[in-house]
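Now, the feature entries from TrEMBL:
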ACT_SITE  401  active site, GMP-histidine intermediate
BINDING   106, 225  Mn(2+) 1 binding site
BINDING   224-228, 348-349, 377-380, 384, 401-404, 491  GMP binding site
BINDING   256, 348  Mn(2+) 2 binding site
């Protein structure tokens with residue numbers, strides 16, 4: 001069904017909308033007629049496009065630049081919706097400059113998907129025990145992820161290979177026991193990028209002295225982040241599904257999280273360096289978006305940001321790895337022995353510098369290169385889809401990272417109680433609080449606060465995933481490979 005369209009957007013075909021703007025920047029949104037586009041997100045995108053004028057001003061004030069700074073192209077993915085200054089689902093390609101805010105705080109937020117040897121039929125009878133085990137692992141200290149300073153520094157400087165090169169800590173307990181030889185690499189968009197140092201996070205590296213149980217890594221985080229058990233319900237591309245190890249009924253692990261407090265710290269470093277490099281004669285831009293020019297005069301400050309950025313991005317890959325180990329541990333304890341194979345670990349919020357001075361920024365968008373797995377989760381309790389990227393240049397080889405919000409978080413608290421009750425009767429959500437615990441029967445204040453938080457991620461707060469995936473397929477961005485349905489979701 002066609003949704004009412006924002007009058008500022010011009011539909012050019014069944015897959016694409018264009019946004020005319022006074023800066024003559026090519027700006028398009030990949031969205032079919034059945035995908036709603038939030039007017040507030042269009043407002044926000046127009047504000048982002050003011051960065052083109054900011055770069056013109058900086059270029060005039062900074063003679064001798066090798067590459068003229070500019071905004072080359074902007075693409076919105078089908079889950080495009082309002083963010084905090086930059087719309088979620090925005091892909092921004094610049095030349096001669098990078099924009100820290102176009103990636104944001106949650107650096108390398110992303111998805112990890114593994115396929116296990118278990119079937120849904122073997123897991124369903126054990127869901128009660130599995131819920132108990134997962135609550136203990138995720139929220140009651142059961143994960144016991146022992147790390148040495150060498151593990152922490154290895155992770156931040158070299159990513160997952162740097163972490164695993166240190167080996168399992170002597171006498172390690174907890175989820176480390178689920179790690180195997182197949183975890184050292186495989187299908188990761190980026191297992192980790194080398195960083196010259198990790199000095200920005202020295203306090204975290206040295207915390208505890210020797211081997212200590214980390215309180216940060218292994219955290220799901222908030223918002224739309226989750227760890228989920230799913231199973232394959234439909235195959236659309238049998239050849240690719242076979243290559244990825246997917247078959248009907250097979251249980252799949254899906255993790256969505258990012259760099260937590262490390263990403264916030266790295267982004268703060270970037271904004272501090274951008275302000276320090278700002279020419280005194282140039283007023284700060286009205287939209288408060290501060291680009292960093294790619295010239296030698298800013299090299300030291302830019303390098304400090306990019307090093308911290310890389311550290312945070314590497315941490316996020318490790319965080320997803322440990323969350324997957326926690327899901328594996330819960331399954332092993334409740335169901336029995338299993339094996340698990342990585343399908344892909346894909347980033348959402350990251351920078352991709354080119355040799356020509358270009359930089360692709362993805363904010364709530366995922367790479368969709370030719371043959372690349374594209375992970376599109378539905379809302380909590382809804383189906384998800386795995387697709388194969390087609391390397392579409394018009395989309396900047398990018399796809400959506402989910403269905404996308406249709407209702408702002410603040411508006412979800414109004415109503416929806418009957419819908420939430422029905423949802424909770426039919427679906428398992430593992431949170432720190434067990435709402436079925438008899439001890440909470442008289443604590444309406446606690447339960448009401450829990451319900452308000454859960455409503456923010458309820459299915460009706462998100463777009464339907466079908467039209468979103470259909471937009472990717474019709475536009476030639478990605479083709480569906482398999483559909484997945486959830487058995488259980490862990491929310492922070």
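FYI, residue positions are counted from 1 along the chain as it appears here.
The backbone N, Cα and C atoms fix where each Cβ goes, and this holds for glycine too.
No curator has checked TrEMBL annotations; they are predicted automatically.
Sequence features, as recorded in TrEMBL, placed on the structure.
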| residue | record | DSSP (3 states) |
| --- | --- | --- |
| 106 | Mn(2+) 1 binding site | coil |
| 224 | GMP binding site | coil |
| 256 | Mn(2+) 2 binding site | strand |
| 348 | Mn(2+) 2 binding site | coil |
| 379 | GMP binding site | coil |
| 401 | active site, GMP-histidine intermediate | coil |
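Note on proximity: among 106, 256, 348, 401, the recorded positions of the record, the Cα nearest residue 224 (GMP binding site) is that of 256. Figure note: comparing Cβ neighbours within 10 Å for the binding-site residues 225, 256, 348, the maximum is reached by 348.
Of all the recorded positions listed here (106, 225, 227, 379, 401), 401 has the Cα closest to the Cα of residue 348 (Mn(2+) 2 binding site). Other C-beta atoms found within 10 angstroms of the C-beta of residue 349 (GMP binding site) number 29, with every protein chain shown included.
In space, 349 is the closest of the recorded positions 227, 256, 349, 379, 401 to residue 106 (Mn(2+) 1 binding site), judged by Cα positions. Listed in sequence order, 138, 220, 253, 254, 255, 256, 257, 323, 324, 326, 327, 489, 490 are the same-chain residues six or more apart from residue 227 (GMP binding site) with CB atoms under 8 A from its CB. Around the Cβ of residue 401 (active site, GMP-histidine intermediate), the number of neighbouring Cβ atoms within 10 Å comes to 28. When the alpha carbons of residue 225 (Mn(2+) 1 binding site) and residue 379 (GMP binding site) are compared, the span between them is 11 angstrom.
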